[in-house]
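Asker: Feature annotation from TrEMBL assigns compositional bias 'Polar residues' to 93-113. TrEMBL lists 6-75 with the feature domain 'Serine hydrolase'. According to TrEMBL, the region 'Disordered' annotation covers 91-113.
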Amino acid sequence: MDNHPIHLSGFIAPDRLATTLMLPSYSTLTLHILGKNDVIVIEERSKMLLEISANKRIEEHGGGHFVPSNANWRNFFRDYLLDPLRNILSPKLSGSSAPNSGANTPGVLNTPG
């Protein structure tokens, strides 16, 4: 099985090595998971990473800075990890992404969107 990164609230680190490895762009198949209401990694920082990711899939959930964990997201992650090249239905099309497991970042209010 090939390795394909998953960026959760991803951004480009302000580091010379990161810049050397990633700029001007990279072509590795990458899954990007973004929280609409993430106040820790704001949208502008994530967009910088999305712009240099040439072979990307973007999924967004309505919450904040957490990994969505309800059934539709768990199924999506399982299916993606088994075969990232397969046409997998977006988890946001199969139900709500509000956290139901208590897996929120402490001290951060996560509101479903």
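Heads up, the Cβ atoms here are built off N, Cα and C, so glycines get one too.
Just tell me what is around each of these and how deep it sits.
Answerer: Regional average pLDDT for the domain 'Serine hydrolase' (6-75) in the model is 92.
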Asker: Could you count the residues of the domain 'Serine hydrolase' (6-75) that DSSP puts in helix, in strand and in coil?
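Answerer: Computed counts for the domain 'Serine hydrolase' (6-75) are 22 helix, 17 strand, 31 coil.
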